[in-house]
Structure formats: C-alpha cells, structure tokens
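Over in TrEMBL, the protein carries these features:
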- A:Met49, A:Ala197: substrate binding site (BINDING)
- A:Arg124, A:Thr170: ATP binding site (BINDING)
Amino acid sequence: MQTQLLIHSPGQMLEEMRAQAPLVQCITNFVAMNIAANVLLAAGASPAMVSAQEEAGEFASIAGALTVNIGTLSPLWVGGMKSAAKAASEHGKPWVFDPVAHYATTYRRAVTAELVALKPTIIRGNASEIIAFAGSKSGGKGVDSGDAARAAEGPALGLAKQLGTVVAVTGETDFVTDGQTSWRIHGGSPLMPRVTALGCSLTGLVGAFAATRPEKPLDATVAALALFAVAGEAAAAQASGPGSFSVAFLDQLAAIDAATLDAQARIEAA
Amino acid sequence: MQTQLLIHSPGQMLEEMRAQAPLVQCITNFVAMNIAANVLLAAGASPAMVSAQEEAGEFASIAGALTVNIGTLSPLWVGGMKSAAKAASEHGKPWVFDPVAHYATTYRRAVTAELVALKPTIIRGNASEIIAFAGSKSGGKGVDSGDAARAAEGPALGLAKQLGTVVAVTGETDFVTDGQTSWRIHGGSPLMPRVTALGCSLTGLVGAFAATRPEKPLDATVAALALFAVAGEAAAAQASGPGSFSVAFLDQLAAIDAATLDAQARIEAA
Amino acid sequence: MQTQLLIHSPGQMLEEMRAQAPLVQCITNFVAMNIAANVLLAAGASPAMVSAQEEAGEFASIAGALTVNIGTLSPLWVGGMKSAAKAASEHGKPWVFDPVAHYATTYRRAVTAELVALKPTIIRGNASEIIAFAGSKSGGKGVDSGDAARAAEGPALGLAKQLGTVVAVTGETDFVTDGQTSWRIHGGSPLMPRVTALGCSLTGLVGAFAATRPEKPLDATVAALALFAVAGEAAAAQASGPGSFSVAFLDQLAAIDAATLDAQARIEAA
C-alpha cells in the first residue's frame, strides 16, 4: 500500500515540508484568515491568501497547493474559488476542500455541489459535514459538529469511493480514507473546538503537506492531522483555557521536530 | 419588574446559556470576526459568521439570535444585514445592533437609519455612538469613544424610550436601560480599549444571552455585560499589557462559573 | 538635513504620537485587520479600518493618515483605496503604500501601478517587493520575501528618487531613504516573519508616526521602524515560539517608553 512506508514516519514528511516551505494558496473565511496563516507559518509553510477571481486562478498555477473553505461565502468569492480550483486541477496541483456547514443553507449546498464537481484532491470536514454528504440526517448546528466522528466513518468511506478523493473527518478521533486504506489519528484536546477556525487552519496545513507530496495525498493528510493532534496535546498540557491554548499551540507547531512527531503520533489502521 | 429576579443571578443565566450553547449569527466586521467568535466559544456559545445576502436571511431563521455590527461596511454586506434583521424579526429572534462610528460618514449614517428602522431588540454602543443618536455633538474620534459613559445615560434612556429597545452604553462603567429600568455594571479594565474589537465581541455575547432568554432582553444584556466586566477584571490581574490581557481574557471567559460571576458582578440600579 | 534632530530621539516622536493618539485609516488585508489594529492600539494610536468606496474618501479627510495594503485585493476594495488615496493627497494627509506581492499576478501589478500614480508619501515593503519595482528578477515566493534586505537598498534609493517618496525596506535589517538621506535600523527577531501580517501592521504604525509629524515622513518612518525593532527584540527574549512572541510583542509595544526606545534603538546612517 502506498501509505505504509510514510505512515511509519510522519516526521519525515514534516521535515520535507519544512525544507520546501511550500507556497499554499488559502481561500478561506474571514474568521480563519489570520489564524490559518499563523498555523502555516508556525509549522513551516508559506501561506498566501489570494482569493479574488481577478487573480486566484493565475496564482493557483504558481502555488504548491490550493485550499478552499466556504465558511464565509459570497458570489464574488465563489468565482475566485472556482477559477482557482480549475487552475489547480489543470496544473496538477492538489487542492483541499473544506465544506463548512455546507448543509446549513440553500446557497451553501449549491456552491458545494459546484466545487465538488471540480474534483478536490482531499475533502476535510467535521462529522456533521461528512455525514451530510451522504444525505443522512445530521446533528450539525450552525458550523459546529453535533455528530461523533465515529458515526462519520461509513459516510467518509462512501464519499471517498464515490468521488475518488481522500476524505478526512476530524474530531475527537480523526479518520482519513481514500476509499481503500483508512487510518485513525488520536490526540488533540477538548480545548481545540473552543478556539475558532482551528479546523479551517488544519485544512491549510493539509494543503502544505499535500504540496510537499502531491503524489501521496492520503499520507500527506495523515501527517498533517498527526502534527495537529500532537501539537494540540502538548499545548493543552500548558494551557489554562482557550486563550492560552492558542498561544501554546502555535509555539508547539513550530517546536515539534520530526523525532517528536514520530514518537508521539498515535495512528492506527482502521 | 421583569429584571429583579434575574439580576440577582447573572450566574444562573450564564449556566442556562452554556447548557443551551445557542447558535448566534454574527454579521460583524473584518477586524472583529476572529476575536468575536473566540469570545463566544470561550463563554460557551456557538457563533456562526454568516453574512452574505444569499443566505443571511435563511440562516437567521435557524439561529437563536442575530447580531449586526457595521464596523466595516459595504453595500453587499448591508444587503445581508437587512435580510437577516428582517428574518430575525419575522421569526421572533432577538437581534442586537452595534452601530460602530455611525456618525463618522454619510454612508454610515444612512445605513444606520435603515437598520434602526428594522427594530433591533438591543442596541449596544460606546458613549459617543449613543450620544450621536440623540443628535448631540459627540467627542467620538473615528471608531473610539471620546465621551464619558456617564454623559451617555440620558441619551440612552431617550433612545430606549423612542425606539422601544434595550440600549447598552459600554465604557468604564456600563449603563443598560429599557427606558424604564436601568442598571449600571462596574468592572472591566483600562486594558480593554487597548485591544481591538472587544466591544464588537461583547455585542456577540449579548446575542448569546439574548438567545438564551429572548423574553428578557434587558436581563440578558446585563448578564452579558457582567460576565465581560468580571472576566476583564480577572484577566487584567494576570496581564502585563494588551497582548497578555487578550489571552487571559479568553481563559477567564471560559473559567468563570455561575457562583464566581454572582459573587464578583457589581451591578447597581440606576 | 531634516532628519538629524529627530533621529537622535525616536522616543520623542513616540511621546508625541501617544499624546496625539492619531486616527489612522487602514485599508488593509483580511489577514492583517485584527493584528494591525492591535499593534496600533498597543502603541498608542487610534486605528480605523474604513475601506468601502462609499466612505473611504470622506473618512480620509478626517483621518490623520492613510495606509493602503493590497494583500487581499478585489475591485470593490481598489475603488476604496483609490478614493481614499486621492482624498488624502487633496487634504495634505500622508499616505503609506504597502505593495504586498505586487509582482505575483497581472492584476496585482496593474493595481499597484494605479496606486503608485496617486503618489504615496511612503512605500514600505520587503526586499522582494522593493526589488521588483526596479524591474529586477526577484526571489519573492508568494507573499514572503526571498531576497536579502541589503540587495534592495539600491532599488529603494532609485525608487525614492524616481517617485519623490520615502521608501522603507524591512527585513533582518531595515533600510529607509528619501533618496537623499538613508538610515539602517537594526533589531527585531527571526520570529517576526513566523507571525503573519507583522509587516502589514508595521505599515499601519508608520502611518501613525506620519500622522504625528506629517512634515517629516522620513523621520516618522525611522521612528516607527525603531519601535518595531526594539519591541521585537524585547518580545523575542520572552517568547518560546511564534504564538508567545505575538503576545509579548503587543505587550512590549505598549510598555516601551521614550527613554527605553532611545536607549535601545540601533539606527545608523547609511
């Protein structure tokens, strides 16, 4: 299996990512802009928040990967998302789709259908978001997940097979699958959902790893999630609440080295 | 009076808010997006920054409350604000208006008049903003208040009576009135105006409490302001400046429990 | 030379800036909005993020200075940038241009040409951005600088002479010139490029000092850069990574007084 070698060393992929410092084009929401850029910089990547339809497609051709998050949608931005996603596909660049609360409004459902049709390399969402793709009734309330990650594993597998993409469900335990091989990543902290836009930032980080190893999107996703989980656990040990957690989390994303990541990542075959 | 029972226990309302974790739709400015979402998450609510006119109205019908802040205005956003405010009113959801520097430009004054006509449940502003509604000459400079909160109490009372809304003036001492019953809330810290968008974030928190007790907007506002004041005081005791204050403030919003809030809130009838 | 008196005391200019608390209109990108406002508030200025073309020009006439940053561009925003820049010029207000990655896309190059034609008082960029103005091949990758600051000194001098503006190149060592007199500012920390939008925030701070001393844009720029460098050095001494650096940096911007700034600033004639 393509994943076996790499999964034994997400640390190796972290080292490669830092050596490349890949340029990641992030079209993300207004809430996530700053923290997502800081997460990528802390981890060692080079984020660029280029979203306007006047330039998003041109920029996607020079970036190493693209991430698209629909948290704060509007028609002008959707134009940028679509031209960037098309350009990424044309130039063989991986692109990651983060369908924030795509089930919540008619408009969001329509835009999501258009973006999925542009064949994302990787889809990352919370349990409610992934379950909603399967048409199941979701417990999602607004933008937060009302569903347990485990309940989303079946829908994630189905979605991965249907679209031929990697699907990541993140939550208390993460689940990643390409429809054939699947992994669970443990770690993180209950403080993480108390800080806004960490999921969106994780999408950016998945983009950074996918840019580093575009031929291995499943492994890249697992490595990104493992770094997040290990950094989250380490940060929680230093934090007194969501404010100090955020600070410690950025410090940890920068401080964790390959050996620490490999020693502390808890990844199991699913 | 409707307020007497609850004012004796803002802590009880905090417990109820956390139990409900209400979905609060925040249409706020680009500066406030992240910190407002973090304030709501830290305190125990569930924020959703849904602003586009394509979906803001539909979303307002499923949210527990709506907050509208005009800090960074543009015509497309105003369309979202108006459709959301109309939907909130139609569905009996409370909505909170934050008229940032509404006196500063012709455009801002025009938009504010349109939004006030949609009958906000609660208006929260600084002293300059509330005084400017009364047509008085204001000392406001840009978006910061040049006026003392005490000078805004008369204009606040007048505005509350005129519009039939709850009006909150926040500053060194806060003043809240529904035109009949009025309260002052003491606390906070001089570091709070040195951190951007805390007032905008407080507007979001007022929305969270109003969603919890939509039938008691005055009490909900007082409880939100009391939590902010107590958390601000506690954070200032740990801070060395505006950076460390922000971190401690989010930690305190999450850490303060009902008993602590009731013990430390300083609320007086005005 | 105009600069000699003031350069001996950036601290004096800091005191003047804090006494005035100038209103600085910042048209900046979505990533920088929050941190730029916090940097200005911490340092003692009064930021206002007023960008829409419906009001940006009117507001520029009441602000003390304007800053324009093209990090996240779109046609509607460019309209606001241009009307604000025109109004600033008409009313004799200094305006600062921050040409983020202006070489990266066709759209960005076109907008930059339009803005430069509106005669900014000061241009602040990283080495790649300033070198690209000279038409040289740049090592810039996305929005981060791939070039050493020293290599940009010649292009900066040329640009300053050509446009009659002050040009600041910031990086490991900063370089500021009006085409005649030039200064280097040492300090800061390698953690600063690991935190997003600090350069954009510095542009805002240059605006605050330029508003304080509009007749001395070169000195104002040097004073702003010196404060940033001294605060960065002090913050790095307390930080464990990019997260804790940001927190300490805001604290230091507020804590540093005139005497400390004068004692620790390392400015040399170039």
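Heads up, the Cβ atoms here are built off N, Cα and C, so glycines get one too.
TrEMBL does not curate its annotations; it predicts them automatically.
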Item to complete: Within 10 Å of each Cβ, count the other Cβ atoms, then let me know which of the binding-site residues A:Met49, A:Ala197 comes out lowest.
Response: A:Met49
Worksheet item: Any idea what the Cα distance is from A:Ala197 (substrate binding site) over to A:Thr170 (ATP binding site), rounded to a whole Å?
Response: 13
Practice prompt. Using all protein chains in view, find how many other C-beta atoms are within 10 Å of the C-beta of A:Thr170 (ATP binding site).
Written response: 29
Item to complete: Would you list the binding-site residues among A:Arg124, A:Thr170, A:Ala197 that come within less than 8 Å, Cβ to Cβ, of chain B, in the order they occur in the sequence, writing 'none' if nothing qualifies?
Response: A:Ala197
Item to complete: Return the binding-site residues from the list A:Met49, A:Arg124, A:Thr170, A:Ala197 for which some CB of chain C is under 8 Å from the residue's own CB; sequence order; 'none' if the set is empty.
Response: A:Met49
Discussion item. At a 10 Å cut-off from the C-beta of A:Arg124 (ATP binding site), count the other C-beta atoms across all protein chains.
Written reply: 31
Worksheet item: What's the CA-CA gap between A:Arg124 (ATP binding site) and A:Met49 (substrate binding site) in angstrom, rounded?
Response: 19
Item to complete: Please report how many Å separate the Cα atom of A:Thr170 (ATP binding site) from that of A:Met49 (substrate binding site), as a whole number.
Response: 23
